[in-house]
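Novice: Below you'll find the structure I mean.
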Amino acid sequence: MSEDESNSVSCSLSLESDGYSDEEYDTNLNKLIENESLNWIFVGGKGGVGKTTTSCSIAVQLSKRRESVLLLSTDPAHNTSDAFNQKFTNQPTLINSFDNLYCMEIDTNYSENTAFKLNKKEMFDNILPELLHSFPGIDEALCFAELMQSIKNMKYSVIVFDTAPTGHTLRLLAFPDLLKKALGYLINIREKLKGTLNVLKNFTNNEMEFDSLYEKINHLNAMSSSIQANFQNPMKTTFVCVCIPEFLSVYETERLIQELTKKNISCYNIVVNQVVFPLDSPNVNLENCKNLLSQIKNEQIQSYFNDLISKTEELEDVYISRRKLQSKYLTQIKNLYSNDFHIVCMPQLKNEIRGLNNISSFSEMLLQSKDIPIYKDNL
């Protein structure tokens with residue numbers, strides 16, 4: 001990650017813009033969970049970094065404080081069902097053991113069943129798809145528009161989005177700009193061809209169809225503006241970045257934060273998963289053990305303990321190497337973001353996070369402050 005890239009992160013996404021003072025950069029998610037003004041919380045990052053675990057855990061904590069919570073998966077992989085060991089569909093389903101936490105998994109692939117679906121039997125209706133498809137990605141933007149409009153009308157206190165990997169998520173967040181551009185293009189065409197359209201309306205005796213068409217255009221334009229306003233309101237919407245201390249993940253997190261900055265979308269929390277923390281080492285010196293072994297005459301005992309010491313040294317080397325490697329990227333994360341973000345380091349666990357008990361335990365750890373564990377050789 002270059003210095004120019006690092007310096008390009010805008011202060012507009014910092015804690016200061018969300019009402020936090022310089023002394024409140026806690027290394028936990030308490031302020032996120034306690035912020036009752038938020039309606040939409042997006043959780044995103046590179047694939048395989050623990051987005052679903054993090055979003056599920058955030059939703060569990062929110063369910064303790066909010067009247068109703070919806071966990072909504074837009075990731076085609078739909079790992080939320082696996083996380084809770086419960087099948088979810090495209091309809092809100094109450095999660096087992098909760099009375100106010102729901103989950104749904106939706107397919108964001110383009111469907112013809114959008115608000116812009118037209119009757120292809122009518123002459124003028126055939127023109128619109130050609131115009132729309134001249135904008136790459138407009139079909140996906142239309143689907144996102146319908147999705148976000150339906151979500152906007154849902155009566156939940158807060159919605160947590162378990163998003164797809166970064167590229168797909170950025171397209172979701174960018175759809176208002178693309179849609180407004182395409183619709184603006186159509187509106188301009190209408191103004192330029194107003195006289196011709198009036199002739200066509202008289203010729204086809206189809207005035208209601210023309211008016212209905214542009215009513216749809218104006219409706220979608222207003223809807224896009226409304227959703228974009230929600231995206232850019234830090235009191236209503238925020239983004240939680242999830243990463244692991246590895247090069248590709250840290251680089252993609254930086255790219256994501258820069259894109260969020262450009263779109264004026266609030267982001268003041270970073271969760272770093274799979275972090276190897278220092279161990280509480282026993283007071284044992286391996287060299288002393290070797291010296292003691294040399295005094296033991298029984299060769300069988302010597303062989304057994306020599307093998308044990310050798311394996312212990314190998315494990316220690318792997319552990320230290322891993323700590324040093326992670327510390328390189330944890331140092332970058334700390335230098336880049338510690339002045340503007342809550343950075344929450346979550347430990348590498350021996351078991352996968354599946355089932356309500358494990359998710360609940362993980363969610364509690366998100367609220368516990370932990371120093372960023374930089375290996376001493378990297379200080």
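Glycine too: its Cβ is placed from the backbone N, Cα and C atoms.
A quick note: this is a predicted structure, and the numbers were derived from the prediction, not measured.
If you look up Swiss-Prot, you'll see Asp75 marked as active site. What Swiss-Prot records for Lys46, Gly47, Gly48, Val49, Gly50, Lys51, Thr52, Thr53, Glu246, Asn273 is ATP binding site. Residues annotated as compositional bias 'Low complexity' in Swiss-Prot: 7-18. What Swiss-Prot lists as region 'Disordered' is 1-20.
Can you walk me through where each of these features ends up in the structure?
Specialist: On its own chain, Asp75 (active site) has Lys51, Thr52, Asp162, Thr163, Ala164, Pro165, His168 as residues at least 6 apart in sequence with a Cβ closer than 8 Å to its own Cβ.
When secondary structure is read from DSSP and collapsed to three states, Lys46 (ATP binding site) falls in the coil class. The Cβ of Lys46 (ATP binding site) lies under 8 Å from the Cβ of Pro165, Thr166, Cys243, Leu248, Ser249, Glu252, Thr253, each of which sits 6+ residues away along the same chain.
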Novice: Fewest other C-beta atoms within 10 angstroms of its own C-beta: which of the binding-site residues Gly50, Thr52, Glu246 fits that?
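Specialist: Each of the binding-site residues Gly50, Thr52, Glu246 was scored by Cβ atoms within 10 Å; lowest is Glu246.
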Novice: Need one number for the ATP-binding residues Lys46, Gly47, Gly48, Val49, Gly50, Lys51, Thr52, Thr53, Glu246, Asn273: the maximum pairwise CA distance in Å, whole number please.
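Specialist: Site span for ATP, by Cα atoms: 19 Å.
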